[in-house]
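*Asks:* Quick one: structure below, then a few questions.
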């Protein structure tokens, strides 16, 4: 392959000169003689290409030889990546020796064509009551997990990985984009303790790494997920955090000298997001279901980054600090969370009516809270007292002990089937369990467990 030399270094941006007849293509990976990998971003003319460094540019100097690999970055894919931690280039960073890949795929790939895509809306049962009832996931759908610090985004993610790995024998890929190294480390140990590490591939581009790494690490993880999908599997693809993917794009864009757009974001924000999201899709062979943690800067949902993410999501799971402060986990807000799948044509009339009934009861309770705070429960009508009693039972029944949180709760985790979830909430709404005290509903699995618990009270 052609050889060039470094002519300019500006931080993470490196200009390389090649012979006029052998200029690398955009997105080609170049290898510097020091071992650093560069990715071509722009062709400047006259044999010059502008690249972004996928690693620290410390110690580079002008005149160093650069070789064109002739391909985009290629990463290992297949079952050998399971249970391993890799960086953006697919190199192992867990000190467990080489990966021994079955194949290597380019990280820049075209999204599946219209003919290949599958349009069935099959539900993915997660075993988590509040998600299955209020904001059901679709196989091959995209889910946004919105929440502040400490309300349980990571624990929810780990429970989903665990449930799908064990109950559906599915594989998961976790891309830590701009992660804190400590969080990545915690996640690895949690997965090991839950015995699901052999079903998860972990790809990390930590906070301290150059913007090129953080921008590409989501694509590396996605490429590994696509390989599993093309083998006919149903894969889960987790991204934490999609906001930091956007932020890395902003840094790269500024370094390349592009004119910034609204709020200083890159002018190509929608395109970059689209390139990633359009590849996360189901084909007739298998599905990729993605769960993306979304940080909302300054709680402003109209900020260009979350606003661009919203356009691609099928379900939004909103985690609420108020619910977490009541000790109800998972702290999903049933009134704020939405799903495109909550439609009688998709989930059926019974599921739809129960979910809307639950939301209606909780909404009425929310309206009555002010009256209760001022005048007390005694001033309510009999009907309203019944609504409050049922709403409080529903609130508590939406909590659930997680398998990955057994060390915190001290109670064994529960997986609740969708059928049991609907039966339980339907019974509460119809007054079947009005005689059972509300504390019996807290941190329970199915409704049978609640009845059994109440009989011992």
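Cβ coordinates are placed from backbone N, Cα and C, and glycine is handled just like the others.
Pulled the feature table from Swiss-Prot, pasting it below:
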type	residues	note
BINDING	147, 148, 149, 150, 151, 152, 153, 154	ATP binding site
*Asks:* With an 8 Å cut-off on Cβ-Cβ distance and a minimum sequence separation of at least 6, pull the same-chain contacts of residue 152 (ATP binding site), or say none.
*Replies:* 319, 324, 329, 330, 331
*Asks:* Quick check: in three-state DSSP terms, what is residue 150 (ATP binding site)?
*Replies:* coil
*Asks:* I'd like the number of other C-beta atoms within 10 A of the C-beta of residue 148 (ATP binding site), please.
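*Replies:* Around residue 148 (ATP binding site), other Cβ atoms within 10 Å: 13.
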*Asks:* For a quick check of packing: other C-beta atoms within 10 Å of the C-beta of residue 153 (ATP binding site), how many?
*Replies:* 22
*Asks:* Can you list the residues of the same chain, besides 147, 148, 149, 150, 151, 152, 153, 154, whose Cβ falls within 8 Å of the ATP site's Cβ centroid?
*Replies:* 319, 324
*Asks:* Near residue 151 (ATP binding site), how many other Cβ atoms are within 10 Å of its Cβ?
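*Replies:* 24, counting other Cβ atoms within 10 Å of residue 151 (ATP binding site).
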